[in-house]
Amino acid sequence: EDTGSEATNNTEVSLPKPPVIENGYVEHMIRYQCKPFYKLHTEGDGVYTLNSEKHWTNKAVGEKLPECEAVCGKPKNPVDQVQRIMGGSVDAKGSFPWQAKMVSHHNLTSGATLINEQWLLTTAKNLFLGHKDDAKANDIAPTLKLYVGKNQLVEVEKVVLHPDYSKVDIGLIKLKQKVPIDERVMPICLPSKDYAEVGRIGYVSGWGRNSNFNFTELLKYVMLPVADQDKCVQHYEGSTVPEKKSPKSPVGVQPILNEHTFCAGMSKFQEDTCYGDAGSAFAVHDQDEDTWYAAGILSFDKSCTVAEYGVYVKVPSVLAWVQETIAGN
């Protein structure tokens, strides 16, 4: 078997001739493997045999070649589960390699979340920052600056807004090129099940703002529990009964709360700092699979201790739309 590190690029490599055995014959086989941070995607097993027509074929898929796709949700240095973070901690180890930084054309920073080698999720509100309400996706895309990993600038090809973005605060960003995956840049997995049950702990990362409302240059993260939805609705809307609702948001901005959202909040003893950026993932660790999933995307940030809850769009609510959009673009 030739398991050479780099697949031989149409250049003949002289291998020693295998010894002949009595009543036997030699069959030429190769096995495809992927570089670190990528995994083999194929219905076969990656092993190909040279047939009589001198074509490499696999038992299950014939001549169709496998692909190497990015591994998701497996950070090399996952955040320390034991640490209880209330004030927000600096991410020195690259525990959130899916976190991207988005800068609008008038220099407002927000977050975005890498979900494969070429696509990111963010909020529709982020995409409209500094644009008129009737701006088109084609006008927005060229105005964005996007950074992944250690401040690596990546070029945006297009923006796709959720068809119902006034209710579902979500948009997708496609990059011009696939971004190479390594320990600093890795997508988070998208969940097919709902991880947002009350009390579940998730991690939110972002550049946030310090108490002077200045953006910080260091990625920070905070650990938060999923909150009771009714309490959150009462906090922002005064009542869970539609007729009795009156917007009473303590911060003057009304978050979008509906069946596509969940809330997460902290104890009241938080420091005078805002964490997380809209567009960042509510990342949960599935311990059975040892995999990190984006349960939600931060839509409305708690505004520095005044409001108790952050509001997130449920990723399973938009999963079908995300998959269709990526497949069609």
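Including glycine, each Cβ sits where the backbone N, Cα and C put it.
These figures come from a predicted structure and were not determined experimentally.
As recorded in Swiss-Prot, the features of this protein are as follows:
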CARBOHYD  N9  N-linked glycosylation site
DOMAIN    13-70  domain 'Sushi'
DISULFID  C34-C68  disulfide bond
DOMAIN    85-327  domain 'Peptidase S1'
CARBOHYD  N107  N-linked glycosylation site
CARBOHYD  N214  N-linked glycosylation site
DISULFID  C232-C263  disulfide bond
REGION    241-246  region 'Interaction with CD163'
DISULFID  C274-C304  disulfide bond
Where DSSP helix means H, G or I and strand means E or B, what are the helix, strand and coil counts for the domain 'Sushi' (13-70)? 0 helix, 19 strand, 39 coil
Comparing the disulfide-bonded residues C68, C232, C263, which residue's C-beta has the most other C-beta atoms within 10 angstroms in this structure? C263
Could you tell me which of these recorded positions, C34, N107, has the greatest number of Cβ atoms within 10 Å of its own Cβ? C34
Quick check on the region 'Interaction with CD163' (241-246): DSSP residue counts for helix, strand, coil, in that order please. 3 helix, 0 strand, 3 coil
Need the DSSP three-state call for N107 (N-linked glycosylation site) to compare against my parser. coil
CA pair C68 (disulfide bond) / C263 (disulfide bond), Å rounded to integer, equals 36
Alpha-carbon spacing, C263 (disulfide bond) to N107 (N-linked glycosylation site), which is rounded to whole Å: 28
Pop the Cα-Cα gap between N107 (N-linked glycosylation site) and C34 (disulfide bond) into the table, whole Å please. 39
Averaged pLDDT score, the domain 'Sushi' (13-70): 94
Quick one: Cα separation, C232 (disulfide bond) versus N107 (N-linked glycosylation site), in Å? 31
